[in-house]
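The next block holds one structure in the form of structure tokens; read it before the comments.
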Amino acid sequence: MGEEVVQALVVDNGSGNVKAGVAGDDAPRSVFPSIVGRPKNPGIMVGMEEKDAFVGDEAQTKRGILTLKYPIEHGIVTNWDDMEKIWHHTFYNELRAAPEEHPVLLTEAPLNPKGNRERMTQIMFESFNVPAMYVAIQAVLSLYSSGRTTGIVLDSGDGVSHTVPIYEGYALPHAIMRLDLAGRDLTEYLMKILHERGYGFSTSAEKEIVRDIKEKLCYIALNFDEEMKTSEQSSDIEKSYELPDGNIITVGNERFRCPEALFQPSFLGKEAAGIHTTTFNSIKKCDVDIRKDLYGNIVLSGGTTMYEGTGERLTRDITTLAPSTMKIKVVAPPERKYSVWIGGSILSSLSTFQQMWITKEEYDESGPSIVHRKCF
């Protein structure tokens, strides 16, 4: 490669959405659902070209006649054939870039199994012939995008939540906590409590409607019990939502009962600790000398931290748990839905990062296990 730096492609593979674009941009060019849809009844789709699978938005718009599958569950790839379809769609249809001409930066969940990183590496070099690639931990990228190298990231997306303490740019694996409770669980919980109100949402297509209701109307109460009392006495918190068929439904205390499950997982029948306790426990697992830096830099990341009131409530609940002299600061960047991608864009355009790429030569020499030596 000459002196001219070829732009890298940055792909953040989330359980819910793929965020993809070009290094150096300040936002992803393409955001689409991580879905592969296949016809329920092959052969009866009149006027549609015989495609065996649809990816992303196209799968979303034809969802009535398709079975939708998410190849990434709880942040980790479980179906590699579908994942390859998603990557193919990302490069050729969304970014319209030839992967063999660009280095590719991919993201992974914290504590991603070793075999998974190797598989990602193998597919990039062997199926897509990339010249170079790198796999970065999602939470670390979010921290970079907030302009920090030390802090604790609470990253909550569609499939999984993690608290990841990071010191001088390195994640501390022994203190990472994983919570299998995220956006998809909240969508399912909202379906359930709307059912109790008499609104029956059940199909995979209707689930997408409920996800939209959740994103538009839900918020986090500063004090849940008070909010419940208030909602019983007045109808101020009721909001209406228009369904695709024109019917209008009313959503009341479901608006804050749904995301409350982040703080009280028992609502979902889970025994886990809430996000406030998980963050606190993660910090407690770190060396006593760095805790002050972590408490003062709690950085939110991911779509499930976007509810109004998240930052305030987290500050209040962690302050209650932490030593009384400790200064607690929760940082909620406005672009946190995309902060993993933005961090990847920043990292892969740094001149100092250019020697970090795994090159095709290195891969050919060492095989997929090279990823453990070069990406950490």
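Placement of Cβ uses the backbone N, Cα and C atoms for every residue, glycine included.
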Quick one: sort out which of 40-61, 106-127, 282-303 is the region 'DNAseI-binding D loop' according to Swiss-Prot.
40-61
Using only the residues recorded as binding ATP (S15, G16, N17, K19, D158, G159, V160, K214, E215, G303), report the maximum Cα-Cα distance in Å, whole number please.
20
Among S15, N17, which are binding-site residues, the residue with the most C-beta atoms within 10 angstroms of its C-beta:
N17
For D158 (ATP binding site), write down the residues of its own chain that are at least 6 apart in sequence and whose Cβ falls under 8 Å from its Cβ; none is a fine answer.
G14, S15, G16, N17, A182, G183, R184, G303, T304
